[in-house]
Amino acid sequence: MTGSMKLPRRGLLIGAAAVGSVLSAPAKVRSQAAFPSRIVEIVTHAGVGGGTDITARMMMVQAPAVFGQEFTVVNRTAGSGAQALQYVASKPADGHTIILMTQTHILTQLRNPSLPQFADFIPVARATADPHLVLVRRDSPFRTPADLINAGKERSLRFGGTHVGGTDHVVIFAFGRASGIQRPTLVPFRGGGEVVINVVGGNVDTAVVNPGEAEAQLRAGEVRPLISLAETRLEAFADVPTAKELGIDATGYTLRGFCVFKGTPDDRVARLESGLIEAMSGQVYRTYLQNTGQMPESVTGREAWGAQLTQFNRDGREALQALGLLRG
Amino acid sequence: MEGFLGGLAILIDPYVMLMVLLGTVLGIFVGALPGISGSTTIALLLPMTIAMGPIPAICFLGAIYCAANFGGSITAIMVNAPGDPSASATALEGFKMAEKGQAGLALGISAIASAIGGIVSVFVLIVAAPLLARAAYSFGPPEYFAIALFGLSMCAAIGGDSPLKNLIAAVLGLLIATVGMDLTTGIERFSFGIYELSDGIGFVPVLIGLFAVGEMLDQAAKRVGKAQIIHLDAARVPGWAEFKKCNRSIWVGSAVGTFIGVLPALGATTAALIGYNETRRWSKYKHEFGKGSIEGVAGPEAANNAAVGGSMVPTLALGIPGSATTAIILAGLIVQGVRPGPHLFTEQPTLLYAVFASMLAANLFYLVMGLSMAKLFARISLIPPAILWPSVFVLSVIGAYGPNQSMGDVLVMLVAGVVGFLFRRTGFSPAPLIMGLVLGAMVEETLKQSLIIFDDDLAGFLGRPIALTLFALTITGLLWPMVSRLLRGGRAARA
């Protein structure tokens, strides 16, 4: 009881610290030509409470103290990111409007050439890079990565994932092609949780999911990870080989990060990059990453973030073309 | 046992109880306002709960969740504008009761049924969460298809003048459900290149339009001076007689709600609609339905609040959320460093039982508040229509715009309002349309998923006993009126 009584006081301390740093901020701001000079908008395609929305809100806990300016989330949910892209393009490119970009936006851009395109955005900083695991249920006949690949050469494997033409589908397609298996059959579901249930329930052969989505099932041993689609071995899954180790040139991540519209002055992009990274290096965001099973290295600057987006833009175009989902 | 007592101990912790009370009051309030749902509130408050520590934070969020589901019924009953989507089934009979001058009765029974439904489901959660959670794995697309079909099979029976009109309204709902991107092909249907339509037509704006704006237009079309008669007994709350009458429907609703809630893919809104169907099916006073049946309020309210406890089952035991709101609560748990899953029951029983205890407390809090404030809320029906309905219209616009900050949704709401008005004038009911809209996408998606899993072979359903059982129930339900008529006819002939 006393323990829980103490916590709010600690909360007050954090609050006081935040207020303190806001008060000390103006001097810093003035020296940088007063940017940001008004409320900074973080635009997301996710509804309030969606995974991407929560990422934005977690970042924003410490951002106001870093920038000496208020932040607000703008939810523009329509059209799988289309509305969010248009909203950002309609605002002045002065760094006060930041889009929280995901792979969904890139796929939407590819399918709708009339929207602001990939090249119209400047990457600023990455917020999350959540690797995918290829996993099967406990009593699956596939014991090793080789079992799965060999079976996939004989018949089309059923993969659980989100909707046709979505991020999961592109990752599954790229994995399938790189591993030389027959084109996988996607069984689409509404979300990661449903995918995991259907892996355990035996309705699909396998699936690509983020470790956080299958946390309970991984711990209970109800699903077995066979292959990791991360660049290097994951700390939490040290005995799961990466696809690259197995000679399969494929990676899979759920990516979220910040971009601004083209024309934003370079010094402001640099200021946003360093400031956002600082905000995301704070305690709250660190804890959020850790608790959702993600690595602190998820937070990175524009160079690595931009390279990864470019790669996905290429993979996505190829996949959508092969799946017949690209117009023209 | 130690964990159980430790969990119960939070009931005497003034700080945690204050948080539960705060959450309950806030929950009733946002639940009653169209436009801010419990899930939006929880999402917005999530970052603020970080500093609270796991137990107070989860108890606070859980209390909002429980109370918002009840709060939604207040506006549903008083002004036909469901404050929370899960209260749409409540509006069907609740508003009719208020029109008859029984607002207090409707509000009171809503509070009682909600609390009983909520408490029943929490007890189920305490006793059987890990066991029930396993059942979720047995439900794949074929089983969900069978449930959705079962729900739809009642369409002709609920609502308006004639079964034919109900079927027409249901088909309209099914058609609206096809708008937007198709999950299994990735192709947009009937969106005409409008981005606002690519995610489908929102449930909330259609609901607000059909109910609240449709009602407003209807009131406006009536002649001035024919304003509602002031009902003096509007503030009467239910007594033992009313409770006894609703007893059966409360239990039916609680059972349906808990079961639907446990299934990860279905939430409180579906629970309330199916609860409404089943209440009607099992009622001794079927003729009252559609004219302001008190059981028609009790059943769905018990169901949607039972779904709250039900949906906590997969959330806590599997780490898989059973509804939009529990998805956010799950995020809240994870941010606090609590990893849901089967191990939670052995590793952190205190936290778990604290969650259960706080949900029980929240249910009791809003029961007391709901009953004592029913008289106050009931006075809304004494507000002259010329003042009441314009304010409802403003709330409706905000309610449609709010969730997605989209003017497109406001347009959808206005169109739905005109449809609702025409429905009222022509003897159609919004109930089957809503059934079609809610279950339509599910019927189609789950059938397509099933066929992908079965390699396009319908015979695959034969290997799914749960689905077959549900199909059998559906067929029995459809044929029963005919069979019973035949039997009765036979008996009459013999006599």
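Just so you know, glycine gets a Cβ as well, placed from its N, Cα and C.
Under the heading domain 'DUF112', TrEMBL lists B:17-434.
As annotated by TrEMBL, transmembrane segment applies to B:15-46 (among others). Residues 52, 55-56, 59-72, 74-75, 81-85, 87, 204, 208, 212, 323-325, 328-329, 331-332, 335, 354, 358, 361-362, 365-366, 369-370, 395-396, 398-403 of the same chain lie 6+ residues outside the transmembrane segment (B:15-46) yet bring a C-beta within less than 8 angstroms of a C-beta in it.
Marked as transmembrane segment by TrEMBL: B:103-132 (among others).
Look at TrEMBL and you will find B:144-160 (among others) tagged as transmembrane segment.
For B:166-185 (among others), the entry in TrEMBL reads transmembrane segment. Long-range contacts of the transmembrane segment (B:166-185) within the same chain, counting only residues at least 6 positions beyond its ends with a Cβ under 8 Å from a Cβ of the stretch, are 152, 155-160, 191, 197-201, 206, 423, 428-441, 443-445, 448-449, 452.
Sequence annotations record features per position, and here TrEMBL assigns transmembrane segment to B:192-213 (among others).
Look at TrEMBL and you will find B:250-276 (among others) tagged as transmembrane segment. When Cβ-Cβ distances below 8 Å are used as the criterion, the transmembrane segment (B:250-276) is approached by residues 69, 85-90, 92, 112-113, 116-117, 120-121, 124, 132-133, 135-136, 139, 144, 147, 150-151, 158, 203, 282, 296, 298-314, 318, 320-325, 431, 434-435, 438-439, 442 of the same chain, each at least six residues removed from its ends.
Only residues 6 or more beyond the boundaries of the transmembrane segment (B:316-338), in the same chain, are considered here, and those with a CB under 8 A from a CB of the stretch are 37-39, 42-43, 46, 49-50, 53-54, 57-58, 61-62, 65, 68, 125, 129-130, 132-133, 136, 261-264, 266-268, 307, 310, 344-345, 348, 351-352, 355. As annotated by TrEMBL, transmembrane segment applies to B:316-338 (among others).
Taken from TrEMBL, the feature transmembrane segment applies to B:350-368 (among others).
Per TrEMBL, transmembrane segment is recorded for B:380-401 (among others).
Here TrEMBL flags B:407-424 (among others) as transmembrane segment. If you look at the transmembrane segment (B:407-424), the same-chain residues 6 or more away from its ends with a CB under 8 A from one of its CBs are 160, 169, 194, 196-197, 201-202, 204-218, 221, 396-397, 399-401, 430, 433.
Taken from TrEMBL, the feature transmembrane segment covers B:431-454 (among others).
Residues or ranges marked as transmembrane segment by TrEMBL: B:466-487 (among others).
Per-stretch counts of Cβ pairs under 8 Å to the transmembrane segment (B:431-454) identify B:192-213 as the leading one among B:103-132, B:192-213, B:380-401.
Touching of the transmembrane segment (B:350-368) and the transmembrane segment (B:466-487) is ruled out by the presence of fewer than three CB pairs under 8 A, sequence neighbours closer than 6 excluded. The largest share of C-beta pairs under 8 angstroms with the transmembrane segment (B:380-401) comes from B:192-213, of the ranges B:103-132, B:192-213, B:466-487.
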